[in-house]
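So that you can see what the record holds, here are the features copied from TrEMBL:
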TRANSMEM  12-35  transmembrane segment
TRANSMEM  47-64  transmembrane segment
TRANSMEM  76-95  transmembrane segment
TRANSMEM  128-146  transmembrane segment
TRANSMEM  204-225  transmembrane segment
TRANSMEM  245-266  transmembrane segment
Amino acid sequence: TASANHKQMWSGLLALVTLILYSIAVAALVLMALFYTRSEGCMYNKVLIGVNGGLCLFVSLVAVSPCVQNRQPHSGLLQSGVISCYVMYLTFSALSSKPPETILDENNQNITICAPEFSQGLHRDENLVTALGTTILFGCILYSCLTSTTRASSEALRGIYASPETEVARCCFCCVPDGDADAEEHVEKRGGQTVIYDEKKGTVYSYAFFHFVFFLASLYVMMTVTHWFHYESAQIEKFFTGTWSIFWIKMVSCWVCVCLYLWTLIAPLCCPTREFSV
């Protein structure tokens, strides 16, 4: 995005990536509508797929609206495309965790509806959710590691232990520092986040909030792994079937994701006197 203003090639690449993201989101929406809905029944799936698809369209329109563009010129369809793909993944994850719905067919036998036929009895949709979730997690960790490293941390990996008071976040730890300029020159020339290393009096982040988030993450992992397991009334053959609690937690997390992104767009409009860094 930084190079798109100077070279047309980067503008074309930006447009291509945005088109790919929205193509993935639309394809996921269509596939979920085909496999998780039917002409009769599946009202929950129909409503929620339509609501989440409408939310993706809404945040995309808000991201390119003139009022948001005036306050945040860097906002665009690229960010909303990423959010749309992630919302589609959360929707797919929630639908795969929903308890199966059964009806009687012509032969008075129970058949499962509102679920893809290839997943019945084999849990292939849940395996696909796990694979996608693992890929997203690995990508987030890799991105965080590459973008949060500083000059001091990269030098430490090469055996050089000299850390000034302030540092500028580096793109990758393998990049060699340009000269021995001070931190202010690095901020002006290279930009990036200023990281303060002085933690003698206290941490530079909220210690309680950090561990509270990990506490919630641990509970979420326990919930998804055990499916709110109650051993008193457990049936081993139904242990890996979906539950309504998991379904609604995942669906609410999808809506929270949309609300957080929407707030980043409208926050400068709601608080015009406050300065928001981009």
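Placement of Cβ uses the backbone N, Cα and C atoms for every residue, glycine included.
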Report, as numbers and ranges, which residues of the same chain sit near the transmembrane segment (245-266): CB under 8 Å and 6 or more residues beyond its ends.
48, 52, 55-56, 59, 62-63, 68, 72, 75, 79-80, 83, 86-87, 90-91, 93-95, 97-99, 220, 223-224, 227-228
So which residues does the transmembrane segment (47-64) touch in its own chain, when a touch means Cβ under 8 Å and the partner is 6 or more beyond its ends?
25, 29, 32-33, 36-37, 75-77, 79-81, 83-84, 87-88, 91, 94-95, 251, 254-255, 258, 261-262, 265-266
